[in-house]
């Protein structure tokens with residue numbers, strides 16, 4: 001098993017640690033690889049698109065065509081987990097809480113609508129406890145977090161928080177609007193056990 005982590009910007013090391021620890025807990029032998037170029041997508045069993053600054057990540061990857069290649073791989077069945085900015089990239093619809101339409105580049109592969117900076121800026125970041133279907137109770141850290149405000153088709157929420165959905169699954173894709181890598185390995189274990197190992 002080989003799990004890739006899009007390693008342009010964001011919580012790359014934290015995800016690496018969480019994946020390695022999850023593999024150990026599950027008794028799985030595997031590798032974690034940083035994905036920076038199209039060639040790095042070869043041979044992956046799954047990929048994680050971490051949080052970070054979504055516009056910067058898109059800008060840094062658009063010239064190399066990496067995002068187009070990633071879109072093709074995930075559309076063809078590569079299991080993918082997107083956290084925070086990663087959820088923004090996976091969404092078919094994206095708006096900003098203040099600016100509205102942004103024209104931001106996205107993969108557009110998941111039947112979800114995301115609002116960037118839903119809770120506000122950095123100072124409105126917060127933590128809460130979520131009981132996620134199939135995963136369990138986790139401490140969720142929301143940092144300048146987006147919100148999934150709508151889902152359709154085969155997309156299914158695994159938990160609701162007020163009027164939005166912090167975790168949504170659709171086929172081979174899992175989108176989270178918080179940062180599981182900061183507090184738990186339960187989400188990474190679930191991703192590996194239920195989507196990657198399928």
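A Cβ is built for glycine as well, from the same backbone N, Cα and C atoms used for every other residue.
The L-glutamine binding site annotation in Swiss-Prot covers 52, 53, 54, 116, 143, 144. For residue 52 (L-glutamine binding site), the count of additional Cβ atoms within 10 Å of its Cβ stands at 19 [all protein chains shown].
According to Swiss-Prot, the active site, nucleophile annotation covers 84, on the basis of sequence analysis. Remark: residue 84 (active site, nucleophile) has 10, 50, 51, 52, 143, 144, 145, 146, 176, 177, 178, 179 as non-local neighbours, by Cβ distance under 8 Å and separation of at least 6 in sequence.
When secondary structure is read from DSSP and collapsed to three states, residue 179 (active site, charge relay system) falls in the coil class. Around the Cβ of residue 179 (active site, charge relay system), the number of neighbouring Cβ atoms within 10 Å comes to 24. If you look up Swiss-Prot, you'll see 179 (among others) marked as active site, charge relay system, on the strength of sequence analysis.
Here Swiss-Prot flags 181 (among others) as active site, charge relay system, drawing on sequence analysis.
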Remark   = Judged by other C-beta atoms within 10 Å of its C-beta, the most isolated of the binding-site residues 143, 144 is 143
Request  = Name, in the order they occur in the sequence, the residues of the same chain whose CB lies under 8 A from the CB of residue 181 (active site, charge relay system) and which sit 6 or more residues away.
outcome  = 11, 14, 15, 17, 18, 50, 83, 188
